[in-house]
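What follows is a set of notes on a single structure, which appears directly below.
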Amino acid sequence: MSFAWLGVMPFLLFALLFLILPTMKIVVGSFQTNEGGFTLANIANLFQPSILSAYWISIRISLASALLGCGFGFLVAWAFVLGGLPGWIRSPLLTFSGVASNFAGVPLAFAFLATFGRLGLVTLILRDWFGINIYGLGFNLLSFGGLTLTYLFFQIPLAILIITPALDGMRREWREAAAILGASGFQYWRIVAFPILWPSLLGTFALLFANSFGAVATAYALTGSSLSIVPILLFAQIRGDVLQDPHLGYALAFGMIVVTGIANGIYIWLRARSERWIK
Amino acid sequence: MRTNRIWSWLFVALAIAYFALPLIGTFEFSLKMRRAAYSLDAYAVVLGDPRFQQTFMYSVLMALATIAVGVLLVVPTAYWVRLKLPHWRPFMEFMTLLPLVIPPIVIVFGYIRLYNTSSWLPLTGSAMGTNVLLMFGYVVLALPYMYRAVDTGLRAIDVATLTEAAQSLGAGWVTILARVILPNVAVAVLSGAFLTFAIVIGEFVMAALLSRPAFGPYMQLLGANRAYEPAALAVIAFLITWGCMALIQVVSRFAPKPPEQLH
Amino acid sequence: MADPFLSIQHVEKSFGATKVVHDFNLDVEAGEFVSFLGPSGCGKTTVLRMVAGFEEPSAGHILVGGKDITRLRPNQRNIGMVFQAYALFPNLTVAQNIGFGLRVAGASRADIDKRVAEMLALISLPQMADRYPYQLSGGQQQRIALARALAPKPKLLLLDEPLSALDAKVRVSLREEIRSIQKELGITTIFVTHDQEEALSISDRIAVMYGGKAEQVGAPFEIYNRPATRFVANFVGTLNVLEGTVTDASAGTVRVASQDVALKGKLDGSRTGDTLSLALRPEAIALGARPGHDSKLAGEIADVHFLGSVIRVRVGVGGKQISLDTFNNSSTPPPVVGDKTEISFSSGDVLVLH
Ligand SMILES: Nc1ncnc2c1ncn2[C@@H]1O[C@H](COP(=O)(O)OP(=O)(O)OP(=O)(O)O)[C@@H](O)[C@H]1O
Ligand SMILES: [Mg+2]
């Protein structure tokens, strides 16, 4: 019997106290009555139209911003890794991605208000120079589309940062071997490159999804409580602004864990299926 | 090849436009406080606001405490796992990635319920206790980045040989960690530290829900009540983030190169 | 002579301002096995990649079967290529790797399966069909890579240092296997290597390259025994070089290390007083006299290496060391360092390098 595991005790204790137990508290609490008995009523309470629609819009925003983030992030990463751009462009782009992926939260909301808000720079330029009134056309920063557009500001750079190493791992020989065997560029991507990148893309997608699903600050600073997405609902609930039932708060939080858990479960399952060729 | 390059330039140009516009827009907006001309009035108001100074200092101190505790927690753990418990690595990887999967708002909600005044460990009962709790929350948020950075840094050095060499010279564990391992992963630790700083300084949800006077909630409050100052704040926040990333770049130049990977 | 199958004509290549291939010319007959041999950075890979279509020549033409393919894209050339290493698709099984060329050409499942089975039999790895590349040794991977290159029945096979990532034993057995498969299929092949033994042992002809030029093209025997330039002589095999001064051009005597050596018929075009370099292979020199050896030099044993069947001896001759090989013989003791000795050789074996 070795006692080597004792060396990680401090870490395990920390993780237990400040990560595992708080999460467990939420999970357990969502199945408890005020008196501490078991109940499914809290979970059942989630299935009311206003809460369901909040989950639905949260999931849609997260899916859209994760999908677009992966897509655009992939294209940009491809452009400077494989697309034949001069080498000097890489380092500033990666540094900027590091900055932008961390430039989330309250200031990001301010930036988008100052740019795409009713008096924002882009809004005014489009209106005064091109005669396009985007608000007249139905655009609203405080909506599904507006929030997705805002989230992309940190989602795309995050995707770039994760996908770049994967693209760096694509060997030139694979491309050349495919070409000399008669494959077109499209065939190479379909049969070789894309399946190799698939696990990284899936991982990026799962991370981006969780990233935007749990984001509170940007949405809250942008919309106050006017846009009903789950994290904002939960935020208001914890503050005691609305929804007086504390156990509904547990259930809301539990629902968030379930959604990100499912997203990651799907990711792990798909990855295991697509990675048979990796040691 | 040539068509490739045209597409590449197009994607990069689009990306630059998307990322530059909000920055330019914000900057331009922040200069418009005075009616007739561009001015730095908004910055003067923000920087002169005592609450700005207080909350900013609070968050800076929080960030420093988070970094100190994070390093003390992560470096020995990552070192020990590499040295003695290599088969624990998948487990550690899972644990340190959890904070990316469980939303921070859920974690802090758990804190509020678990450590309230009537619980076995009433951390939220006092201001100091809440500060400590918030700091641990930040350590959790920083964990994925910190652990990653340090673990990568440890990979670049031969942990086992360094340890044996130090032991053969009679060094104890504390000496080994402080005098041998830490200097060798200093660059990784610094990278993790700057990233942690960038995360903590603007963090909103944990500080707001624990009602601490941090920079994030202050920015939100200002945003709800003012027009031009928030834009100035956003520019300042962007510059801070950018400064942190630039520092990571600078220290990375001094990183020991990882050993050549065998394919 | 019939038209060559592959004809590389006046090909040049520059990367930016540096020219790495200069006026390269080579004709390869159908079914021939030609090696490119040369030091690192001499342009072997670059020439091969131009034949494959991965690089575009700055000047010149490449013809296959009389047709100019210089501007054709790689996927239209019907050429097989084996890379140095790691070029198997990691996400495809062995069978899928081998079938890749047929699959992208739109062959039917049945045809692909049949061809894959044939190829696996050809490289004697029939039980490996369902493995992934990471489950194979380096040597097995390169054999699969060979099978993959050959499966679509290419007109031409290019191999770029396919053995250099493998360990010595596998390298020898695999090069023989490559050669025998090549002969069996009769496929025209270019093989790049910087290992002279490899090139000498399996090629029909060798093109020795240096500084982006073909220094000499010829059969291994010719390259080794009649190197055309000083570089070829030095690069291929071990060579002893002695500096000498012509003392009498008409009689053919040269003064080497204060001793006279007679080299009849070797000094055409030299005049008395010229300095020359005389080159000799180690195996052409004997310790002491030997029938047929008409020249000799006195020296002193400087070094003895026992290599098993062969003993390599270094003899100091007037400040220079000369390497020579003698066969091991259990009844005669090996030479002793410091002994005075005499070496002999046939003047016919001397290469005069101007
Ligand atoms: N894409 C490129 N850009 C610039 N220079 C190049 C490029 N490819 C090759 N070179 C240069 O061309 C020269 C010849 O390279 P090449 O790869 O053909 O050499 P080689 O004979 O195959 O060498 P080795 O035995 O090391 O593989 C080298 O000096 C190399 O630096
Ligand atoms: Mg080469």
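Here the Cβ of each residue, glycine as well, is placed from N, Cα and C on the backbone.
Residues or ranges marked as domain 'ABC transmembrane type-1' by TrEMBL: B:56-251. Residues or ranges marked as transmembrane segment in TrEMBL: B:7-25, B:56-82, B:94-114, B:126-147, B:188-210, B:231-251.
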Selected stretch (most C-beta pairs under 8 A with the transmembrane segment (B:94-114)) from B:7-25, B:56-82, B:188-210, B:231-251: B:188-210
Outside the transmembrane segment (B:231-251), six or more residues from its ends: residues with CB under 8 Å to it: 23, 26-27, 29-30, 42-43, 45-46, 187, 190-191, 194-195, 197-198, 201-202, 219, 222-223
Cβ contacts under 8 Å made by the transmembrane segment (B:188-210) with residues that lie 6+ beyond its boundaries: 59-60, 62-63, 66-67, 70-71, 74-75, 104-105, 107-109, 111-112, 124, 130, 133-134, 137-138, 141-142, 145-146, 148-150, 152-154, 182, 216-217, 219-220, 237, 240-241, 244-245, 247-248, 251-252, 255
Outside the transmembrane segment (B:7-25), six or more residues from its ends: residues with CB under 8 Å to it: 238
